[in-house]
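Q: I'd like to ask you about the structure that follows.
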């Protein structure tokens, strides 16, 4: 958003005087960035209901429409207040899509490629961030720079809307709504005839189980069972630490951070940020491989170790810059710190929290606990985005990065103490881990579902 603020001041059609604009820029920059997260929290909370009531396809179409409208509102905004509204609408679309996309991918994919397709969802997000920086770089010298930057964001939503019109509804959702005839037609396009009957039988059984699960499990049940409390604490804690170690601060504000480091050119700041975004996407590809070969816990710990070192390096660079030195070396050290941060974070703390949260809950609790932990992620994201620049202004950028490094140290302790290794384990074996942690190693036979009165 930093480029947009500077470009706005150069827009001859802008009715806001430069002096007043500078005041508004300082006042609203964090709010504009964070408003999308507020919308995403609300969109994600409503997305589950929309998916269940109207289907995955309609939920995706709705997300596309809301996102595209938000982009148009921002591009046409006459003042920062309207941009805030546009960002909120964009956030609503993102929130709905964040709930819908992985569910639709999983439910409409052949089983033998389902895991790989779902895993690429994170890659598409980081790849999209890279493309957004590339597009922004292309528009840095175009009149009305910031309006083009935010306006073209609606084009992918329009393209996806058109494509989704040609795609089928999730067969699993159709089974849940007792529209089996239409579901079977869709399944026949996905599977060969020799597999079709087995898939229909499996989907019927899964739909019956899902209906029973929705009748039996409530949010309050998560906190009644000691085993589930421990699992949710581990899963939600990972999601919170993913954000509080600063990843989205780096992604949202990387052009601003680069300019804080002394690179005043908008084009250079965007180019360096583009490199950071490219490393984020490449690191995600590496993480997809490592997570099933190196282990979730080891990958998270090694990732956090690199994050701590990178944040300390960033802090040192800004300490040197704030001492009054004009040495450009400190600016390049800051850029190196950003690059190393992404290189360590993206393969580990990027995918690990989402993967662990998909594994550590029993089947009956997987949906509700996964949704709750995702909400923790969005709320933590909002807190960090809303506070980063204010804290940096109050205590200095260098001290802000040291605080993030301290949080990363706490994250290391948290992972060592509370997060189990789940690589290669069955869901039953994971449940046994939580039983033993809750009641001791001698605890054995009782099922989680049979202990409804655990305190």
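In case you wondered, yes, glycine gets a Cβ from its N, Cα and C as well.
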Q: Scan 7-29, 145-167 against TrEMBL and say which stretch is down as transmembrane segment.
A: 145-167
Q: Need the matching range: TrEMBL marks transmembrane segment on one of 401-419, 420-438, and I'd like to know which.
A: 401-419
Q: Which stretch does TrEMBL mark as transmembrane segment, out of 232-250, 327-345?
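A: Checking TrEMBL against the ranges 232-250, 327-345, the transmembrane segment one is 327-345.
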Q: Give the mean pLDDT for the coiled coil (186-213) on the 0 to 100 scale.
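A: Per the prediction, mean pLDDT sits at 73 for the coiled coil (186-213).
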Q: Cβ pairs under 8 Å with the transmembrane segment (365-389): which stretch of 31-49, 84-105, 303-320 has the most?
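A: Stretch with maximum Cβ contacts: 31-49.
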